[in-house]
Amino acid sequence: MLVVKGGLEVDSYISCSLINMYVKCGEIQRAQTIFESLPTRVAENWNPLIIGYAHCQKGDLGIKLFKRMQQEGIKPSRVTFLCVLKACSDLGSLDEGRLTHASLIENGFEFSTFVENALIDMYVKCSSLDDAHNMFARSSKSDVGSFNALIGGYAQDGDLQPAFFLFMDMQENRVHYDHITFVSILKACSINGNLLCGQHVHSRAVEFEFESDEHVINSLLHMYMSCGCIEDARVLFERMQNQNVVIWTTLVSGLAQNGRVPDAFEVVNEMKKQGIQLNEITYISILKGCSAISAPEIGRSAHADLIEGGYNGSLCLGNALIDMYSKCGSLEDATALFLGMPSRDIVTWTTLIAAYSLHGCGQEAFSLFDQMQKEGFLPNPVTFATLLKSSAHRGVLHEGRHIHACIVENGLESDAYVGNSLVDMYFQCCCSDDAVDTFNKMGQRDIISWNTLISGYFQNGECFQALQCYWQMQAEGSVEPDSITFMCALKSCVGIADFKQGICIHAKIISSSHPSDGSVGSMLIELYAKFGHLEDACRVFSSLPERNVVTWNVLMKGFADAGECNQALELFSLMQEDGVMPDVATLLCAIKSCSTVGALQHGQMLHMQCTLWGLDIHLSIKNSFISMYSSVGRMDEAQAVFDKSCVQDGVGWTTLITGYAQQHRCLEALRCYESMLEHGQQPDQVTLVCTLTACSRGGLRNEGFRHFKSMRDELGIQPTIEHYNPLIDLLTHGGALHEAEDLLESLPFEKNMVGWMSLLGACRNLSNQGIARRCFDNVVKIDPSNASAYVIMSNFYTQLGQLEEAKNIEELRKVANAWKIPAKAFIEIDGQVHEFIVGDRRHPKRDAIDAKLNHLNAQMKREGYRPRVDLVPAFSVDENQEKALCGHAEKLAIALGLLTSSSESTLRVTKNLRMCDDCHAVTKFISKIETRNIVVKDAYCVHLFQKGLCSCEI
C-alpha cells in the first residue's frame, strides 16, 4: 500500500520485487495486474511472471508471455530462458523446447553450464533422450547436474545400460557424485531388477561415504527388495542408525511386493511398538500386498488398525480398501465401504467399477458408470479403460461401442491409454478392422499401442497381419520394439511356419537391448526347435545369462516334440543339477518322454519324485502317469494310479480306456466306459473315439455300432471323421471290405486319410487287390507324400509276385518325394535308454547283437520260421533281403535286451512306427525260444508277447 501511495510501483526494481513477491505467495493474478500496469518493462519484469506461471502449472501461459516479450522487442536474459525451459519441461512440450533451444543459440547463451543443464533436463522431461544425450555430448563442461539429469532420464525410461555407463563415466571424468546420482542409478537398477549393478552402486556409495544418507539408503533398500533379496534388505535395514517412517515404509512396501504380506504386517506391528507414527503410504503398501496375494484376514486387520487410528476418512486409504476387498473376493465389503465413505472422487468410483468388472458383474459396472456421471463425476482414462476391459472379457461388442462413443464425447480419443484399451477391446471382440481403424486414428502411438495391435492379430490367428504390423513399426522407426513385441512377432512366425522371418527378427533382437531377455530367449528356443534346428536352439539356450524353469521347459519340449526324448530326459537331469526346481509343465514333458521311449524305470523314478515334491496332487500329472504306465504294458499300475486319485475326471477315464484298448483288453475297456457312466462322468467326443477304437480292436461289431448309435441318440454328440474310422476298422476285421469302402465313399468328409489307410492295410491282409488299389489312389490324391501308402502297396504287389507293379509304385514314391520316416526303437536297461535306427551300426555292442540275431535266426528256422522277404522293398538276392530284415530297429533292441538283462525280466521296447509282419512273427518266436515276456509298443498298439503268442491276436 505504501509503495502505491508513494508512486513507487513503476520503479523497475520495486515492480520486479512486487511481482516476485506475489508470485511466491501464489497470487499470480495480482502479479499479472502489476505487470500489465507498468508503462515500460524490462527483462527483469517478465522473468518472475514466466517462472510464476511455470510453478502454478500454467506453463502454456508462461510460454505465451515469452513470445509476447520477443514480439515487443525485449531481449530475453539467461534467466528468462531458464524460466521458459522450466515451463517447457513441466508441460512436456518438446516442440516449444526445441524452439526455445534455437532462440538460445541465436542469442548466444547455449554454452553456459546452467543453460546446458536446463536443456538436458528439458529434453529428458520431454521424453527425448536422444536429444538430451546429444546435448550432453556437446556440453562444454559436464558437471554433476548434467550427469544426474541424463542418468535420471534413462532411469525413468528403465534403460539401465546407458545410465550405468554414465555413472561409471562420472568417476573417470572426476565428477563427484551426489545423493541424486545414487538415487537415480539405483532407481534404474530397481526397475530392471539388476542385482549385480545394484551391488556395484552400493559399494560405490560406501566408498564415497553416502551409505548414511537417508535418500541413498532408502534407494538401496528399495533396490534389494526389487531384486527379491529380502535378507540383504533386512541386513541393510538393521544397520541403519536413523530408521525413520520413510525407511520403515520402504521395508513394509518391499515385503508386501515380494508376497511376504504377513511379514510386512509384523513390521507394521513393530513400528507401532516402537512408537513410530505410521502414515498412509505404509498402510497403502500393506493393502496393495493383500490385494496381490489375496490375503483378506491381514487386510481386515489393517482396516481395523486404520479405524482405531482415525484414518477412516482418508480418500486414498478408502480407495485402497475397496480395491483390497474386491481382489480378496469380498465384493459385498467393497460396496459397503464405498457406500459408507463421506466423500468420493473419480478414483473411488473407478475402483468400485473395476471391482464389479473383476467379479463378472458387467451390467452392475455399467450402472455404476451411469450413476457416477449423474452425480457430476467426469470419467477419466482409467475409468474408460476399466469398462472396455469388462466388455472385452465378456465379448460384449455393443457395450464396447457405447463406451467408444462416450470417449469421443469426452474428448479422450487421443489419449494413448484409452486408445490402446479400445484397440484391445475390438480385437477381443474379434473386430480386427475396427481395432486397426482405431489404431490408425490414434494421434500418439507408443510401444504399448504397437504391441496391442501385433498381439491382437496374433491372438485372433492372423499371424501374417501381425508380422506385417511388426515390419511397419520397424519401417516407421518412431518406437523401438521391446521384449513383448519380439515375442509376439516370433510366435507369429511359428504360427505361419515362416522360419526366414524368424531369423530376421532374431538378428534385430541381437542388435537391440533385449538379446539376453529370458522370455525372448525362450521364444527363440521354441522357434528353432519347431523348425528342427535343435543345435541352434541349444546355442540360444547357452547364450542366456540366466536360465529359469520356463527356459528349460521350452528346450525340453523342443527335443521331445522332435522325437529326441532321450535327450529331453537328459535335460531334465541337467536342469536339476543346475539347481532349477521342475514345475508341472516340466514333469508333464518328462513323463511324456518316458512314454515315448518306454522308459519305465525313469518313469517310476519320476513318480517317486513327484510324490516327494508334492506335485502328484495335480490331476494332469496323475493322468500322465496313467498314460505312461499304459504305454509300457503296466495296466495294473495305471489302474492303481487312477484308483488312488481323489478326483477322476473325463481325461483320466479316457486315458484308462485307451490303455486297455491299446493292449487289446477290449472288454475291460468297455467295462471302464460303463463304470465312467455309472459314476456320472459325461463322456466327450474323445472318450467315444477311444471306446469305439476298443470295439474295433476286439472285433466287437455289435457293441461298436451300439455305442455309435448311443453317441448320437442318447448323448447328443455329433459323429466326426474320428468316430467313423473305428467303424471302418470294425468292418474290415470282419472281412466286409466292400461294405467298408461303401461307407468311406458315403461319408461327408473329403479327406479321410486314416480311413482309406486302414482299409488299404486290411486289403493287403485279405489279398483284395482291386479295393487296395482304389484305396491307394485315394490316399495319394489326399497326400501324395504319404510314404506309408507306397510301402504298403509296393509290398502287396511283391507279395502277389507282381514285381513290375511294385517297381512302378516305388518310382511313383520317388517322384512324389515321399520318404519314409526312419524306424526307431528304444529299450531301457538299468535306467539307460538305448536307441536304434533301422540298419544302425553305431551301438558299441552291435557285433554281439548281430551274433545273437544270427543264432536266433537259425533256431527260429528250425521251429518253422520263414523270413518275409516280400516285405523288403529292394529287389535283390534272398540272402541280402534276409540281412535287411535282421537290421530292423526293434529286433536290434530285443537282441540287446536279451544280451544285457536278467533272464527273468520283461523286455520293453518302444517303436515310433508300426511293427512289420516279419518283426511281429520273429518276436513271437523269440518269446517262445527264450521264454521271455516281451512288450512292444508301436504306433498301433501295445503288444504283449508270451510263449509264442501275441495279445493282439488272442
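Backbone N, Cα and C define each Cβ position, glycine as well.
Note that the coordinates shown come from a computational prediction; the quantities given were computed from them, not determined experimentally.
Copied over from TrEMBL, here are the features:
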- 42-76: repeat 'PPR' (REPEAT)
- 143-177: repeat 'PPR' (REPEAT)
- 213-243: repeat 'PPR' (REPEAT)
- 244-278: repeat 'PPR' (REPEAT)
- 345-379: repeat 'PPR' (REPEAT)
- 446-480: repeat 'PPR' (REPEAT)
- 548-582: repeat 'PPR' (REPEAT)
- 649-683: repeat 'PPR' (REPEAT)
- 864-953: domain 'DYW' (DOMAIN)
Secondary structure tally of the repeat 'PPR' (244-278) (DSSP, helix then strand then coil): 26 helix, 0 strand, 9 coil
Cβ-Cβ under 8 Å with the repeat 'PPR' (213-243): same-chain residues at least 6 beyond its ends: 179, 182-183, 186-187, 189-191, 193-195, 198, 201-202, 205, 250-251, 253-255, 257-258, 260, 276
PLDDT averaged over every residue in the repeat 'PPR' (548-582): 93
Secondary structure content of the repeat 'PPR' (649-683), with strand meaning DSSP E or B: 26 helix, 0 strand, 9 coil
Three-state composition of the repeat 'PPR' (345-379), taking helix and strand from DSSP: 26 helix, 0 strand, 9 coil
Structural state census, the repeat 'PPR' (548-582) (DSSP three-state): 26 helix, 0 strand, 9 coil
